[in-house]
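Asker: These came from TrEMBL, pasted as-is:
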- 178-247: domain 'CBS' (DOMAIN)
- 315-334: transmembrane segment (TRANSMEM)
- 340-358: transmembrane segment (TRANSMEM)
- 416-445: transmembrane segment (TRANSMEM)
- 457-475: transmembrane segment (TRANSMEM)
- 495-514: transmembrane segment (TRANSMEM)
- 534-556: transmembrane segment (TRANSMEM)
- 562-584: transmembrane segment (TRANSMEM)
- 596-618: transmembrane segment (TRANSMEM)
- 638-659: transmembrane segment (TRANSMEM)
- 679-704: transmembrane segment (TRANSMEM)
- 716-733: transmembrane segment (TRANSMEM)
């Protein structure tokens with residue numbers, strides 16, 4: 001603070017601006033550290049924070065150069081140290097208090113949809129309001145502000161060639177130029193000022209509509225009663241006034257200090273002492289201290305060439321892997337990013353392997369360097385594949401291409417909708433990827449399903465359907481993709497032999513879960529806009545994106561080249577196509593591929609890199625082979641081993657599980673499309689649905705709909721398990737039929753059962 005050159009009279013406002021956005025109540029607008037991680041960026045306004053701009057072209061903008069996550073972390077840190085106003089004042093003021101203190105009544109001029117533009121503008125300029133709400137009777141049509149008037153004037157200048165035509169514009173009906181009601185961002189009268197500013201910041205607007213109740217996506221509902229309109233000026237005027245009072249209270253609290261900066265420093269110290277007594281703060285301090293000690297001990301052992309490492313390098317590698325994995329599983333408790341943990345874990349394991357394992361002399365040998373290069377080459381193929389695929393999907397969504405799908409949803413029956421969404425998710429996840437489809441469908445459910453409890457159940461169904469649908473194509477689920485790229489699976493057998501088990505898994509789970517759906521007519525309150533036609537360019541981008549994804553396995557089969565090259569080729573084609581479509585349109589950069597790449601979650605890609613590199617070193621050291629031998633000796637069949645791996649994927653990320661399995665069993669022994677690999681793909685993909693933490697789709701649902709672990713376990717886990725075992729049973733029967741071994745397996749069991757029955761009948 002000593003280096004901040006802020007005049008005394010502006011100090012309150014400056015501190016308020018820094019502190020206000022970080023309120024815990026800004027959940028709908030400010031992603032936190034609990035947001036789901038994926039190939040899509042946390043700060044991605046397209047998929048993770050669906051907040052459309054209050055403009056007819058829906059252009060999304062960022063008003064800050066820093067990322068949303070960095071912004072949140074910075075302001076949260078400051079807010080916990082500098083609370084200048086009491087609760088209910090400053091940035092915690094309710095929006096109803098803001099409206100009242102603004103002294104402008106309800107804050108808007110009421111107009112009818114048939115009123116002329118010139119009359120509405122006169123009503124705004126001569127009254128106390130700076131915006132107009134336009135109604136058709138009691139139905140809100142939209143909002144008209146100075147921004148809408150600028151667009152109106154621009155259109156008039158471009159289209160009116162004579163004075164008569166210009167005058168005709170002025171007497172046009174105001175309803176033709178409003179921001180539609182369904183696009184308005186609204187807050188309840190109890191929401192804090194911090195949430196209002198976050199909403200304005202992220203959506204790029206200056207006015208918000210206030211109502212007694214709004215939807216979870218911050219939209220007006222049919223039951224909403226409009227209370228007023230507030231502007232950014234209203235909010236900041238009240239905040240500045242409250243902050244000035246706070247500075248006065250600081251001066252009274254520390255009368256011996258005349259400098260406001262010194263007063264603030266003393267307040268920070270006082271608050272810091274109070275925070276240190278907080279249990280959450282103590283937990284963080286313990287984690288920080290433990291991490292520091294662990295890091296110091298690790299470095300000490302390494303630099304001193306401790307015998308503990310040189311003589312037990314294999315155990316050290318296993319220990320590093322277990323510790324890293326614990327950090328990944330409990331990421332939200334430790335508050336460490338799992339990508340950072342995975343990278344550190346892989347580095348530590350490779351250093352141990354290269355410098356200490358099997359009699360190494362402290363320097364990596366040429367053989368180890370060659371193994372490292374081979375592993376990095378294999379892993380890079382998967383990373384580039386996922387990067388390109390995610391970018392293509394992001395470009396399609398930026399052009400609203402998924403309206404091709406959402407326009408087909410018109411049913412008002414909840415049970416019919418349940419099955420419709422389930423099968424739609426199932427097939428979409430087969431050609432996109434299950435994580436992306438989950439995020440898109442949950443965002444859609446926010447508009448379709450007004451009741452929170454119903455939406456949670458539908459969201460859980462989406463997770464089950466997405467995971468089942470991602471299994472039966474090489475591009476649907478990352479684990480199937482890994483097996484495909486590694487040549488454990490090929491395209492045609494994967495599709496033909498895993499499709500039926502996946503469908504059975506879906507149908508069995510949905511049949512179990514649909515009993516919890518109750519028909520109550522709530523879908524009549526859906527906020528999903530009426531189906532509308534998609535612009536030609538949007539249709540072109542959608543079908544081109546789908547074609548780019550579908551042609552990947554065909555390209556790989558025909559050319560014999562690795563799949564990642566086909567996916568990069570598809571990305572290049574989409575890049576060129578969108579550049580042609582938006583040629584000369586400088587204001588549409590958000591729809592181009594560079595913007596899509598900027599929105600991707602790079603940390604997700606690096607997480608896979610770290611995990612797969614860690615699994616690779618265990619494979620190179622022969623530890624996975626030893627695990628395979630142990631399982632073979634202690635479990636009666638490979639079918640049971642695959643089933644156990646699937647159940648384990650409900651607790652543990654399926655990516656390292658499948659990666660470990662690939663290293664445990666040699667492809668020379670179990671060739672391409674072997675029963676083991678197909679069963680691993682099915683079990684690892686669908687087993688993750690049993691618990692909400694078992695798949696990336698489930699974690700995404702936790703972040704988007706705040707679904708907790710226990711609710712999911714109580715409501716969904718049994719149904720997901722039913723589908724899981726039904727899918728496995730279907731695959732085993734199907735495989736026995738296709739291999740001609742069904743009778744060999746069934747007849748002996750039937751004869752044995754008959755003998756048992758006969759012996760029992762003799763007894764009785």
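Here the Cβ of each residue, glycine as well, is placed from N, Cα and C on the backbone.
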Asker: Based on Cβ pairs under 8 Å, which of the stretches 315-334, 534-556, 562-584, 679-704, 716-733 lies most in contact with the transmembrane segment (457-475)?
Answerer: 679-704
Asker: When only pairs 6 or more apart in sequence are counted, do the transmembrane segment (416-445) and the transmembrane segment (562-584) reach 3 or more Cβ pairs under 8 Å?
Answerer: no
Asker: Within this structure, do the transmembrane segment (340-358) and the transmembrane segment (679-704) have 3 or more Cβ pairs under 8 angstroms, counting pairs 6 or more apart in sequence?
Answerer: no
Asker: Count, for each of 495-514, 596-618, 638-659, the Cβ pairs lying under 8 Å from the transmembrane segment (340-358), and report the range with the highest count.
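Answerer: Per the Cβ count, the answer is 596-618.
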Asker: Pairs of Cβ atoms less than 8 Å apart decide it: which stretch in 315-334, 562-584, 596-618, 638-659, 716-733 has the most with the transmembrane segment (495-514)?
Answerer: 716-733
Asker: Residue list, the transmembrane segment (638-659) vs rest of chain: Cβ under 8 Å, 6 or more residues beyond ends.
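Answerer: Residues 325, 328-329, 478-479, 482-483, 608, 611-612, 614-616, 631-632, 675-676, 679-691, 693-695, 724, 728, 732 contact the transmembrane segment (638-659) from elsewhere in the chain.
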Asker: Quick test of the contact rule: Cβ under 8 Å, at least six residues beyond the ends. What residues does that give for the transmembrane segment (562-584)?
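Answerer: Cβ under 8 Å, 6 or more out: 381-382, 384-385, 388-389, 391-392, 395, 399, 474, 481, 484-485, 537, 540-541, 544-545, 548-549, 551-553, 555-556, 591-593.
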Asker: Which residues of the chain, 6 or more past the ends of the transmembrane segment (315-334), have a CB below 8 A from one of its CBs?
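Answerer: Distant contacts of the transmembrane segment (315-334): 33-34, 287, 294, 308-309, 341-342, 344-345, 348-349, 352-353, 356-357, 614, 617-618, 621, 623, 651-653, 656, 693.
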Asker: How does the model score the domain 'CBS' (178-247) in terms of mean pLDDT?
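Answerer: Looking only at the domain 'CBS' (178-247), pLDDT averages out to 84.
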Asker: DSSP-wise, what's the residue breakdown of the domain 'CBS' (178-247) into helix, strand and coil?
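Answerer: DSSP composition of the domain 'CBS' (178-247): 30 helix, 17 strand, 23 coil.
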